[in-house]
Amino acid sequence: MTALRQRKGSKGKEPTLGAEFQPQQPNCCTDHHPEKILHGDWSWGAIIWTSVGWSVSVGLGLLCCIYVATLHENDLWFSNIKEVEREISFRTECGLYYSYYKQMLQAPSIQEGLSELIHDNLTESKRTINLLQRMNIYQEVFLSVLYRLLPIQSYLEPVYFYIYTVFSLQAVYVIALYLTAWLLSGSWLAGTLTGIWYILNRVDTTRVEFTISLRENWSLPFLALQVTTITCYLRPQLTALQQKVMVWLMYVTTFCFCLTWQFNQFILLVQAFIIYTLDCADFLTTTQVTTLYLVQVSGLLSVWLLQFCNSMILGSLVLSFIVAALFIRHCQSGLKTGNLLVRLGKVLLHSATVLLLTFTINYLAKKALQLRSDEHIFKFIKSKFALGPTRDFDASLYLCEEAFGLLPLDTLERLAGTLLLYPYIITLLLLSAMLAVAALQNLSTPKGSSTEERKGAGEGRLVAFRPDVAYNLLHTLFYGLLAFSTMRMKYIWTGHMCAVAAYGVCGTELWTLLLNTLRCNTKVLLRLVRYAVPLVMIGCLYYKFWPKVMEELSELREFYDPDTVELMTWISTKTPKQAVFAGSMQLLAGVKLCTGRVLTNHPHYEDKDLRERTRQVYQVYARRSPEEVYDILRAVGADYVVLENSICYERRHRRGCRLRDLLDLANGHIMDGPGEDDPDLIPATHPRFCEAIKTDTASYTALFTRTFQNKTFHVYRIKKKRKKSAKGSSEPSVTQ
């Protein structure tokens, strides 16, 4: 197992409750939106303070980039370890993705490198696949081409060019969140507070320092940029030209987000639900709704073309939903007429019709495309919410991982410790109440009115809601629910959470509401609390966390995994270059990166045939006869199989979630150890293969030869010709 060890020797009048809920005009030189200069405000105050705001955003972005890069170096001593150790540090699927960057650089030319990726026969044995179609690895291709073209080879190693690019995207992420908070509140102090919160809550906002190549580390910065452009697009002050620029920026950021993460369709589906909700509650104009939907569709279809017409995109729920929503919206022209009860009834009927048409379109699309690549995700969702069987092997692999469980409560404790949670909750509650009131007011509009016709009809209303605030509120609510249901998704939520909390602290609306309630609302007092409170909070955070950050940066460790290093060295030097290796998905990703050998399976799980192959290869950890396992491994073309003690004798997971338990359940066998079993399970007729093979009995040595072993790994060569066994198997063989 990989370990880290300590290095030797180291240590106007302000608005009232009845006013229109619109952005306020700046009352002093310190209150400027980042786009203020674009509207013709070229005063020295606007120029200076806008420049200061942009400078602070860049400074915080660079600070975050340097911070995570330093932590990565300090944890691994990356600059001082061997190349094989650096590559092993790219854990699980990260190693697989990085291997394609390495492969492109080792190719004789860019054209040959691309050809190898398009006609790849190393990632899955006995198959030729198009990696650019199957996986989201265009970022590796782009970086490898850039590294070849730039004159930096003499002083910057390829691995550093790669990791520094990913760390630089964290700077982009922070700047995007900063701009979102600035746009919402009108004060760049909100952006400053956002950046500080993001950095201090690093454990819950990013995991980039130890999962560098993970697809989310490439895509989430672009998602944050997309949210920033949407926020700017929904602001009412933009000119027609600026709106067009924002639409193009939305498309570019959506395209980059979709291109870099295979789960893009599910994230965009949630975003489409947000747009749909705002449309039903009449917060957006018809043009805005249609534009936002078409931006999503354009981004997805552009990626579909680049990924050689990947059927998963055409068969995605988000595309089906958008088509259904736009079609039903066009057909139901009288949707936004009538009194409150009629409108509510129409919204419910409209929503039911849209959902029914969505599932119909999606079902037909998947039937036509014969698409089954994403069915494991829906199996996981069904099992997670007890809507389907819980014995499914693929679904159980996800359900038994902590990252796919519910959000732990200690996450909220950490967020509260940095003073983030409390202002966030207060902001969320107040804005949600105001949003609900504003939605009811919109739905109560007299018959024949529409959003476009109500632009100047804000007087006399109790509450009116800015569309950019409404979008960001629903964004944090929807993705917050997603984060609570699946812990891995918290990284989408927590970064935006910082921006929403900072808006609550620095924005005018919530302070105006509070001061009006206390009956002490004056221009001077509002201005004082808007700037004094965030400054006091920043001072408290500095006083509390600066020593802890310095202590964290002073902790020096180094990479230490001698068993894996020994294994990779042996494979590189003692096995043929075209040898095929079988084993766990996580380990084989490292084998591909460190040795370039052919794999039987790998961690990129978005393919039905690969999932079935993985389940069969994993029978080496089940109770199967040597003949059955031999037939399985020969069917997938394996020459060697690597057995890991950490899986065979696993204790990390509880009973029922260990890999050997999942295999026993899928095979209908009783699990190891004390505990209850389902009544339909039966005892296995064979011992567990990974344990029994180590006894070197004749039935095993006739088929397998041990070629390598250490404390962690056992490698067996699979003999080419199967000798007749004196005793046949009592169970049917599992074959490819």
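Glycine is no exception: its Cβ is also placed from the backbone N, Cα and C atoms.
TrEMBL annotations:
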type: COMPBIAS; residues: 1-10; note: compositional bias 'Basic residues'
type: REGION; residues: 1-25; note: region 'Disordered'
type: TRANSMEM; residues: 46-69; note: transmembrane segment
type: TRANSMEM; residues: 181-200; note: transmembrane segment
type: TRANSMEM; residues: 248-276; note: transmembrane segment
type: TRANSMEM; residues: 304-328; note: transmembrane segment
type: TRANSMEM; residues: 340-365; note: transmembrane segment
type: TRANSMEM; residues: 421-440; note: transmembrane segment
type: TRANSMEM; residues: 493-516; note: transmembrane segment
type: TRANSMEM; residues: 528-546; note: transmembrane segment
Listed stretch, out of 46-69, 248-276, 340-365, that has the most CB pairs under 8 angstroms to the transmembrane segment (181-200): 46-69
Non-local residues, at least 6 beyond the ends, that sit with Cβ under 8 Å of the transmembrane segment (421-440): 21, 281-283, 340, 412, 415, 462-465, 469-470, 473-474, 476-477, 497, 500-501, 503-505, 510, 513
Contacting positions for the transmembrane segment (528-546) when only residues 6+ beyond its ends and CB under 8 Å are counted: 30, 187, 189-190, 192-193, 196-197, 200, 418-419, 502, 505-508, 511, 515
